[in-house]
Amino acid sequence: MIRVGVNGYGTIGKRVADAVAAQPDMEVAGVAKTQPNFEAHTAVERGYSMYAAIPERAPLFGDAGIEIAGVVDELVADADVIVDCTPSGIGAENRSMYASYDTPAIFQGGEDASVAQVSFNARANYDDARGADTVRVVSCNTTGLSRLVAPLEEEYGVEKVRATLVRRGGDPSQHSRGPINDILPDPIGIPSHHGPDVQTIFPDLSIETMGLKVPATLMHVHALNVTLGSDVTAAHVRQLLESQSRVYVIPEGIGLDGAGRLKDFALDAGRPRGDLWENCVWGESIAVEGRDLYLFQAVHQESDVVPENVDAVRAVTDSADAEESIERTNETLGIGLAGDPTGFNDSDRVGAEAADD
Ligand SMILES: NC(=O)C1=CN([C@@H]2O[C@H](COP(=O)(O)OP(=O)(O)OC[C@H]3O[C@@H](n4cnc5c(N)ncnc54)[C@H](OP(=O)(O)O)[C@@H]3O)[C@@H](O)[C@H]2O)C=CC1
Ligand SMILES: O=C(OP(=O)(O)O)[C@H](O)COP(=O)(O)O
């Protein structure tokens, strides 16, 4: 069993902990928090050992009726791998602590790429992270773009990606960002950080990205134009994307015409927290003119990086190859379960397979 510690138990950390707990080859060594708030109580109810992320605050947990197993250093010493899910910038500060215990560390996309040896997306470059000491799972938007670029690049070659990212203004629990009522070019400077971030996975890719923030908490939505290396048909691209396990091509005619309905659908389907781990590509939007592909996709910022973190754990411990890991993660989380008439959980979609010609 791979013992995984999760430092930072917020939006991403709590999902990563639950996903790790669901793996047959992993267990949660513990989670670290700075304060005994409601999430700390939930973590304890889920059976996760609690560690104080800031040692001086350890007594606060006892005062709140939460027994702690120790301080974060002890968790790092005890774990085989640490997944750092602290707010942007704190991961870099924690890096030396992980190194001092020789504990491989997985960071999140809010950190600069320089925090880790490898920037990671399971579909695109799993092997680069095998046995690495430090890995950064790229951000939600970069994950969403990488999952599309990888099969397109393999199948057709990619000359240029142009993406406009309509970014949610904050997560549902981020009241610090609201109430909000505005539309912001964010960042105003072009390109946005996403293009260069995708190049941490695809160094030779030509990509330009622009970002806007809107007053929504649901998902990000991307408008993409990709110039491919060869002439294609929309039907062929669709077939390729339908074969990708972490891409859900939304069928026409079922009313999933926006991010709100996608989230509702995920809740109706019994997804934990209404999570949508897959890129959601509107099938109807897939259009091709010569070598130019156009499409819209939605990316659930709170959850698309979660399966990637699970795969990153297997990569750094070199305990499975890409196909095995992706398949196991998908199976345990319920990505690719059979029996859904909409195709949302289509068992034929497997890890790294591309569409047949
Ligand atoms: N939310 C998103 O849309 C996405 C975020 N990311 C990236 O994931 C990372 C985490 O983001 P997210 O989960 O949203 O952030 P959150 O703020 O939701 O969660 C981070 C948690 O870390 C805890 N924390 C704060 N300081 C420390 C510390 N010094 N040590 C340990 N824990 C601490 C806080 O909880 P407490 O103080 O209560 O312990 C907080 O809840 C960032 O790099 C972000 O960019 C990536 C993809 C999408
Ligand atoms: O990693 C994310 O976005 P990003 O891919 O736009 O950097 C998360 O959605 C966090 O976004 P934020 O920078 O609005 O907190």
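Using the three backbone atoms N, Cα and C, a Cβ is placed for every residue, glycine included.
So that you can see what the record holds, here are the features copied from TrEMBL:
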type	residues	note
DOMAIN	2-140	domain 'Glyceraldehyde 3-phosphate dehydrogenase NAD(P) binding'
BINDING	Thr11, Ile12, Gly110, Arg168, Gln301	NAD(+) binding site
BINDING	Ser139, Cys140, Asn141, His194, Gly195	D-glyceraldehyde 3-phosphate binding site
ACT_SITE	Cys140	active site, nucleophile
REGION	321-357	region 'Disordered'
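The structure, with features from TrEMBL marked on it.
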residue : record                                    : CB count, 10 Å
Thr11   : NAD(+) binding site                       : 19
Ile12   : NAD(+) binding site                       : 27
Gly110  : NAD(+) binding site                       : 17
Ser139  : D-glyceraldehyde 3-phosphate binding site : 24
Cys140  : D-glyceraldehyde 3-phosphate binding site : 24
Asn141  : D-glyceraldehyde 3-phosphate binding site : 24
Arg168  : NAD(+) binding site                       : 24
His194  : D-glyceraldehyde 3-phosphate binding site : 26
Gly195  : D-glyceraldehyde 3-phosphate binding site : 22
Gln301  : NAD(+) binding site                       : 23
- Query: For ligand 1, which among the binding-site residues Ser139, Asn141, His194, Gly195, Gln301 have a CB under 6 Å from it?
  - Reply: Ser139, Gln301
- Of Ser139, Asn141, His194, Gly195, which binding-site residues are close to Gly110 (NAD(+) binding site), meaning a Cα within 10 Å of its Cα? Ser139
- Item | Residues within 8 Å of the Thr11, Ile12, Gly110, Arg168, Gln301 Cβ centre (excluding the NAD(+) site residues themselves) | Ser139, Cys140, Asp171, Glu302, Val305
- Rounded to the nearest Å, what's the C-alpha distance separating Ser139 (D-glyceraldehyde 3-phosphate binding site) and Gln301 (NAD(+) binding site)? Just drop the number here, would you? 8
- Message: Nearest of the binding-site residues to Gln301 (NAD(+) binding site) by CA-CA distance, picking from Cys140, Asn141, His194, Gly195?
- Response: Cys140
- Task: Measure from the Cα of His194 (D-glyceraldehyde 3-phosphate binding site) to the Cα of every one of the binding-site residues Thr11, Ile12, Arg168, then give the nearest.
- Result: Arg168
- Residues close to D-glyceraldehyde 3-phosphate site centre defined by Ser139, Cys140, Asn141, His194, Gly195, Cβ within 8 Å: Gly109, Val138, Thr142, Thr143, Gly144, Leu145, Leu165, Ser192, His193, Asp197, Val198, Thr209
- As a whole number of Å, the Cα atom of Ile12 (NAD(+) binding site) is distant from the Cα atom of Asn141 (D-glyceraldehyde 3-phosphate binding site) by 14
- Item | C-alpha spacing of Thr11 (NAD(+) binding site) relative to Asn141 (D-glyceraldehyde 3-phosphate binding site), in angstrom | 15
